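Accompanying notes for the structure given below.
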Amino acid sequence: MPKARAGKRPRQERREGRATGILFNTGAGQHILKNPLVVNSIVEKAALRRTDVILEVGPGTGNLTVKMLEKVKKVIACEIDPRLVGELQKRVQGTCLANKLEIKVGDILKTDLPFFDACVANLPYQISSPFVFKLLLHRPFFRCAILMFQREFALRLVAKPGTKLYCRLSINTQLLARVDHLMKVGKNNFRPPPKVESSVVRIEPKNPPPPINFQEWDGLVRIAFVRKNKTLSAAFKSSAVEQLLDHNYRIHCSLHNTEIPENFKIAEKIQTVLKNTGYSEKRARSMDIDDFIRLLHGFNSEGIHFS
């Protein structure tokens, strides 16, 4: 979530801290979801099952955790702040829910994910992008994830070609999953309130995944979206891009015992591929998944690789 400004803690944050005994670290994304109606709505949209193992990231003081514990087999809650771990443990201690809760202390981005059926979380917003891709590349497959994000990030996840927010994040996520915007959540539903609006998104991984090397795919998409309003012909004329693809092409030729002509120029080969595939004058902002799959195949068939 967005960071608080340096200096003294905001008055609202200090007031909320006195009420709970905890000074929330907004710089670490600690904005606790306090509205029980929103909590219930998230649990309902997750369609939890009695046999489910749920992964929760950033449980905070446990408002969402407790509701899920009432409905599932187990919740694995990952929390980086030992103070909040203590609050969560106290909340379930001595209840019938205690033996259904497993708490992992540490940074979720540096931790191997456990087995789980679904992920439900009010994430620290600053880890949104890396956590989404950690989830989508995780195996074995999980059923779905119901995640709270900053509103603009959520809208980027679901953005379509030709729209203002369409970007590399949009197409990479939609390659690997079906993504749906479920509901908006206002600032005042959190304690302390963040500076941005929020949204809840449902992510369902595609199983089986598309038969595409994701590192190759992302290498291509990264180049195309550096300047998404430029034509691909212009985007691929960057000297850094040409050097990378020339290096990769020479490795490919070496592995396949293919002789490279003395007058070979990677720039000419790149432009030939773009022209032959029909994408030379296309712009990333308006290209969909099928477009990039065809373009990647066009490059790969000529020995040009992106990873």
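The backbone N, Cα and C atoms fix where each Cβ goes, glycine too.
Feature list (source: TrEMBL):
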type	residues	note
BINDING	His31, Leu33, Gly58, Glu79, Asp107, Asn122	S-adenosyl-L-methionine binding site
DOMAIN	38-207	domain 'Ribosomal RNA adenine methylase transferase N-terminal'
Next item on the list: Could you say which of the binding-site residues Glu79, Asp107 has its Cβ with the most other Cβ atoms inside 10 Å?
Entry: Glu79
Notebook entry, point to check: Including all protein chains shown, what's the count of other C-beta atoms within 10 A of the C-beta of Asn122 (S-adenosyl-L-methionine binding site)?
Noted result: 28
